[in-house]
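Novice: Got a structure here, written out as structure tokens. Questions coming.
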């Protein structure tokens with residue numbers, strides 16, 4: 001019995017070795033087959049798409065053609081056909097989901113502009129945009145803006161021209177604000193999720209004019225300045241996203257920032273927004289050479305206290321107090 005038991009060990013080892021070799025051979029064969037047949041499948045797809053014998057080897061054209069096919073296929077699954085370039089129609093449940101997700105992301109990650117953009121469009125309800133349209137139709141300049149549909153970019157504004165304007169002009173004020181803040185008119189995202197083409201333009205116009213509201217009031221793009229401008233927009237134009245930003249964004253601020261907002265900038269924004277001319281009807285591009293102080297008077301805008309100066313003064317005081325405290329500690 002001992003001999004029989006001992007003689008089984010080499011047999012088992014041989015069997016295990018055979019099984020291991022067999023698995024290795026099978027795995028190798030499957031890998032090789034997948035490579036060969038997978039390559040053949042890719043070749044077949046290329047032949048079907050007419051890409052195998054592309055003598056020009058125009059990869060960019062091929063990618064564009066593929067993208068067009070995907071977009072066409074995607075458009076067939078949408079509730080309506082796209083009505084302007086870049087339009088992405090959404091079902092009601094998709095719009096609600098976009099609103100909820102972008103709203104949460106905007107609250108926890110306000111530094112991500114994409115979230116703000118999506119929240120703005122998903123909350124731009126048709127009745128709000130229709131109200132803005134009626135406001136524009138009731139104003140001569142507003143009607144002309146709707147008719148001409150201008151586009152605010154670095155090229156249309158001619159930045160070289162702006163920097164040569166009079167120091168007190170709107171154009172120079174706007175130009176220096178852009179340089180100071182490190183932004184450009186070209187950074188505004190295109191509208192995608194608003195179905196009506198005219199309403200889409202109105203929202204684009206509101207979005208593109210946002211920096212003029214900053215510049216004419218001397219407010220930086222730091223969070224306190226953004227909240228103040230959002231409150232101004234909400235009071236002046238009734239933009240839901242602006243109202244949400246003005247209400248919820250302060251919850252994440254430091255106590256001293258909240259104090260400045262509630263004591264100075266939010267009261268100013270609401271008072272100014274309710275009393276000044278509807279800003280959606282201002283043709284900013286035609287007023288670039290106008291004296292900025294005269295324009296403020298015409299619009300009914302009185303700029304708030306300089307936010308950067310207030311912050312710098314507080315920072316200076318804190319540094320002086322820290323130096324005195326450190327000197328006291330050394331003296332002890």
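Including glycine, each Cβ sits where the backbone N, Cα and C put it.
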Novice: If Swiss-Prot says 210, 211, 214 bind Zn(2+), which of 224, 226 does it name for the same site?
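Specialist: That Zn(2+) site, as Swiss-Prot gives it, pairs 210, 211, 214 with 226.
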Novice: At a 10 A cut-off on CB-CB distances, which of the binding-site residues 211, 226 has the highest count?
Specialist: 211
Novice: Which one of these binding-site residues, 210, 214, has the sparsest Cβ neighbourhood, judged by other Cβ atoms within 10 angstroms?
Specialist: 210
Novice: To test your reading of the Zn(2+) site: which residues beyond 210, 211, 214, 226, same chain only, put their Cβ within 8 Å of the Cβ centroid of those residues?
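Specialist: Nearby residues not in the site list: 212, 213, 215, 219, 221, 225, 229.
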